Amino acid sequence: MAKFCYVSPHLQIQHLSQHHHQQQHRTNHLLLQQHKFPTSQNLIFPTQYNHCRLFAFPIRRPNFTLNALHSDPPNPEEVGTNEAYQQWDSLTSKFSGAANLPFLLLQMPQILLNAKNLIAGNNIALFAIPWLGMLTSLLGNLSLLSYFAKKREKEAMVVQTLGVISTYVVIVQLALAESMPLPYFLATSVVVVSGLFLNFMNYFGLLNAGIWRFWEDFITIGGLSVLPQIMWSTFIPYLPNSILPGAISFVIAVLAVTMARTGKLSEKGVKFVGGISGWTATLLFMWMPVSQMWTNFLNPENMKGLSAFSMLLAMLGNGLMLPRALFIRDFMWFTGSTWATIFYGYGNLACLFLLNIISKEFFLAATVGLVSWIGTAFWRDSVVRGYSSPLASLRDLVFGS
């Protein structure tokens, strides 16, 4: 938080005469006794450092105004607001960290079931899990881990690290069942170990900048290549089975990264390429509910195999990260979390309700809880920032403050 130092506009000027100096000193002494508390005569200057920077002003300066300092210094209510801001900052971080629990519970049943089938020698059961989909999820987690490591969001890093590890455990199980080809598994293992190592080395400031740029280029090219291919594959057999979307995207990604690194793009272009990896990872996760909804539309009977508890956990996990994304004004993070909360978690619960698979009471409780949570996040954010309406927080998020 900013430090504050009180600066009297009646500070002595060193070039005054000795007599004037003594008289000014007595005047300052009286003024300090008068102004025990901050007033409009006792200006407050926020600084980013731990020491105060003092500036000597003449007693009168006509037409001299500073908008940020125009009103009287903070009263106890405003100080309380600052404390509320800090408390909400801390609380949103804890919410983000708490998302680990529902995400862990979401993955554990699948891991335990796979282990049970492997022990029983029922390897065929694991062939029902598409290893390509797990690989895509893994790439998304690694990309977002790099994004949050760069932003120093520790709690979000832990969530993505847990996602990488839990997804990799499933991939190991698929490899043991020979569902996933061994060469792909070995390559995936190298990427996972390298990704975790590089991200945490970078977080603690122990990584060479050139190596980190290479890793960023790698996940940018990988994410941009995989996303169009996954989107295309969702609508097979209505679209022909082809690797053309992924191949074209790969060429475009390599070209864009090469041009950015060789200085052939403008500053805005370089910034755009630098943000691709985060957005492609977000879009990969955003596409998951679209794929699930499409499957529900084509095969409504398959909805009976969808766990309402799993969808509730997905809604809770993503929903817990919404306040933090809103608080730090991260539009990409907020977009991805909101999309997954509403369309993946809540959307599938709505499908289960429409097909009479879950009760009306369960669905209404989920609806009220979700609306209340999102509304509270916006309301509290507007309060700690001193806004008159939660819409101001939404405006800041989308258009910037």
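Our numbering is plain: 1 for the first residue shown, then up by one each step along the chain.
Every residue, even glycine, has its Cβ placed from backbone N, Cα and C.
Annotation source TrEMBL lists transmembrane segment at 124-145 (among others).
The transmembrane segment feature in TrEMBL is assigned to 157-176 (among others).
Under the heading transmembrane segment, TrEMBL lists 182-206 (among others).
Here TrEMBL flags 218-236 (among others) as transmembrane segment.
Per TrEMBL, the feature transmembrane segment maps to 242-260 (among others). Using a Cβ-Cβ cut-off under 8 Å and counting only residues 6 or more beyond its ends in the same chain, the transmembrane segment (242-260) has close neighbours at 217, 220-221, 224-229, 231-232, 269-270, 273-274, 276.
Under the heading transmembrane segment, TrEMBL lists 272-288 (among others).
Taken from TrEMBL, the feature transmembrane segment applies to 308-327 (among others). Counting only same-chain residues 6+ beyond the ends of the transmembrane segment (308-327), those with a CB under 8 A from a CB of the stretch are 88-89, 91-93, 95-96, 98-99, 101-103, 105-106, 109, 153, 155-156, 159, 333-334, 337-338, 340-341, 344-346, 348-349, 352, 357-358, 362, 366, 370, 373-374, 377-378, 380-381, 393, 397.
For the transmembrane segment (339-356), same-chain residues at least 6 beyond its ends with a Cβ under 8 Å from one of its own Cβ atoms are 285-286, 288-290, 292-293, 296, 300, 303, 306, 308, 311-316, 318-319, 322, 362-363, 366-367, 370. Marked as transmembrane segment by TrEMBL: 339-356 (among others).
Taken from TrEMBL, the feature transmembrane segment covers 362-379 (among others). Sequence-distant neighbours of the transmembrane segment (362-379) (same chain, 6+ residues past either end, Cβ-Cβ under 8 Å): 308, 312, 315, 319, 322-323, 326, 341-342, 346, 349-350, 352-353, 390, 393-394.
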With the greatest number of Cβ pairs under 8 Å to the transmembrane segment (218-236), the stretch among 124-145, 157-176, 182-206, 272-288 is 272-288
Within the same chain, the residues 6 or more beyond the ends of the transmembrane segment (272-288) and with Cβ under 8 Å of it are 136-137, 139-144, 146-147, 216, 219-220, 223-224, 226-227, 230-231, 234, 253, 256-257, 259-260, 265, 332-333, 335-336, 339-340, 343-344
Sequence-distant contacts of the transmembrane segment (124-145), meaning Cβ under 8 Å and at least 6 residues beyond its ends, amount to 110, 114, 117-118, 156-157, 160-161, 163-164, 167-168, 170-171, 173-174, 177, 179-180, 184, 188, 191-192, 195-196, 199, 219, 222-223, 226, 230, 277-278, 280-282, 284-285, 288
